[in-house]
Amino acid sequence: MDMLISSIKTQYKMIVEKKNYYLMFLTIFIYVLINFFTNVFKYASRDVTEMYHPMRLLLLANTGYYFYFFMLLYPIIVIIPASFSYIYDQDINEQIFIQSRTGIKNYYFGKLIATFLSTFNIFTIPFLAEIILNSIAFPNNATGLLSNMSIYESTELESIHRLLLPNLYIRSIYLYVILLTIIWGIVSGVIATYALTISIIIKFKYKTFLFLPIYILSYVLYEVQYILPQIDKTTYYFFYFDIFDTSRKSLMGYILCILMMTASSILLAMYKSGQDSLL
C-alpha cells in the first residue's frame, strides 16, 4: 500500500506540473468566469422578477451558447490534462524509473488514480467556484424558470421529475447543483482514465489519435437512440451533463456506462501489469 501511495503522489505531481495541465485548468477557469461576467452585465439593474435563479445561470445549466461550445469540445478537453501522461512517460522512459521504485502493478494503478484525481480537480474546482460566485452576485429569491415558486405547481412538477435527481432538487437546489457538479467531475475523471488505459494498451503512431476513442464512443452512444428506437430515453451526453436538462434520461443507464468504463480501465491495467511482469 505504501508503494501504491508513493506511486500516486509521484505521478500526480508529474501530471499537475505539466504545462498543458496548468493551461487547461486556467482556460476552463477563465471560460467559467466569462460566463459569470456575461450574466453579471446581462442582468445588471434588472428587477428580481426578471432574473433567473443563480443556479440556473451556471455554465453547466445550459443557459446559452457557452455551454454548447464547451460540450462540443468536451471529448477533447477532458483528455488533454492527464490522459497523455503514459505516452509522456514512454517518451522519456520515466515509467522504468517509477516501476523500479514502486513496482509494475503499483505504477499502472498509481497512473490510473493520479489521472482520475487530477482530472476530477480540474473539472470540479472551477465549477464549484462558479456556484459560490453566483450565490454572492445574484439574488437567491429570483423567480425565473419557476425556480423559487411552489414545487407543487403542475408545470414545475412535470419538469423537475425529469431531472437526474428530482428528489434532491425538491429538497435543495443548492445541494442538487453541488452534487451534480461533483458527479460531473467524477465522470470526467473516469473518461480521462479510460482514455489513458487505451493509450497503455494500444500504441498510437500519432498522439492525436488518442482523441478518437472518446469521440467515437460519444458518437456511438448518440446513435443508439436512433438505432434502437424502442429506447425512449436520450443517450446523448449533452443532456446528461446539463444539470437542469429535462429530457427523458436513464439514470441507471448513465451509472452503468460509467461503471463499465471504470471496470474496463481496471481490467486493462491488470492485464498490462501482468503482461509486463512476464517480460
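From the backbone N, Cα and C atoms, a Cβ is placed for every residue, glycine too.
So that you can see what the record holds, here are the features copied from TrEMBL:
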- 21-45: transmembrane segment (TRANSMEM)
- 65-88: transmembrane segment (TRANSMEM)
- 108-129: transmembrane segment (TRANSMEM)
- 173-197: transmembrane segment (TRANSMEM)
- 209-231: transmembrane segment (TRANSMEM)
- 251-271: transmembrane segment (TRANSMEM)
Of 65-88, 108-129, 173-197, 209-231, 251-271, whichever stretch has the most CB pairs under 8 A to the transmembrane segment (21-45): 108-129
The transmembrane segment (209-231) versus listed stretches 65-88, 108-129, 173-197, 251-271: most Cβ pairs under 8 Å: 65-88
Stretch in 65-88, 173-197, 251-271 most in contact with the transmembrane segment (108-129), if contact is a CB pair under 8 A: 173-197
